[in-house]
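As given in Swiss-Prot:
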| type | residues | note |
| --- | --- | --- |
| BINDING | G14, A15, G16, K17, S18, S19, R120 | ATP binding site |
| BINDING | S18 | Mg(2+) binding site |
| BINDING | D36, R60, G82, R138 | substrate binding site |
Amino acid sequence: MKTKNNIALIGFMGAGKSSISKLLSEKLGKPLVSTDACIETREGLSISHIFKENGEDYFRQMESKVLEDICQNPNQIIDCGGGIVTRPHNLSIMRLNCLVVYLESRPEDLENRLKNHTNRPLFNAERSDKMLKLLESRLPLYRDAADITVSTHNKSCHEVCEEIEDSLRKYENTSG
């Protein structure tokens with residue numbers, strides 16, 4: 001059986017995936033790869049511009065290709081885009097190649113984090129009902145994909161990172 005030596009962080013936009021994956025990368029001494037950053041590099045465009053010009057379907061296709069390419073290399077921390085779980089193909093890739101950590105966040109926490117960001121293609125502060133519906137539709141996908149779930153509520157990035165490290169040790173002891 002193939003070892004799941006990549007660690008993929010998943011969760012809704014605003015869950016803290018980018019900040020926490022950066023810190024986790026530093027603490028574990030593993031390179032950090034962001035699916036969104038790889039897409040922006042390949043396309044030469046920002047994520048919001050790709051959504052606007054080419055649509056979500058095109059973006060999701062690019063995201064799948066990037067995830068496949070990233071998973072060709074071992075021992076990485078992968079910062080996944082919030083919607084990566086929406087394609088079954090991506091879930092299969094992650095299950096084969098990654099230990100998946102779901103950063104679970106409460107809707108009110110997400111809303112507070114997102115309301116000041118203008119570069120979120122699927123979020124607008126005036127449409128929190130849309131965010132709630134989107135989150136609700138993705139929750140079962142996040143939970144199903146996760147090997148480990150860590151709540152981010154009322155925790156600093158360092159606290160979440162420590163909890164992930166503890167969970168990784170427990171996971172390795174029970175699965176190895």
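Numbers here mean position along the shown chain, with the first residue as 1.
Just so you know, glycine gets a Cβ as well, placed from its N, Cα and C.
The C-beta environment of D36 (substrate binding site), restricted to residues of the same chain at least 6 apart in sequence and closer than 8 Å, consists of I47, D79, G81. Ranking the binding-site residues R60, G82, R138 by the distance of their Cα atoms from the Cα of K17 (ATP binding site) places G82 first. Here the candidates are the binding-site residues R60, G82, R138. The one whose C-alpha lies nearest to that of A15 (ATP binding site) is G82. Distance from the CA of R60 (substrate binding site) to the CA of G14 (ATP binding site) is 19 Å. DSSP assigns D36 (substrate binding site) to a helix in the three-state reduction. Residue pairs drawn from D36, R60, G82, R138, the listed substrate binders, are separated by up to 18 Å at the Cα level. Using Cα positions, the member of the binding-site residues R60, G82, R138 nearest to G16 (ATP binding site) is identified as G82.
Distance between Cα atoms for S18 (ATP binding site) and G82 (substrate binding site): 11 Å, as a whole number. For the pair G82 (substrate binding site) and S19 (ATP binding site), the Cα-Cα distance reads 14 Å.
Neighbour count (other Cβ atoms within 10 Å of the Cβ, all protein chains): 23 for G16 (ATP binding site).
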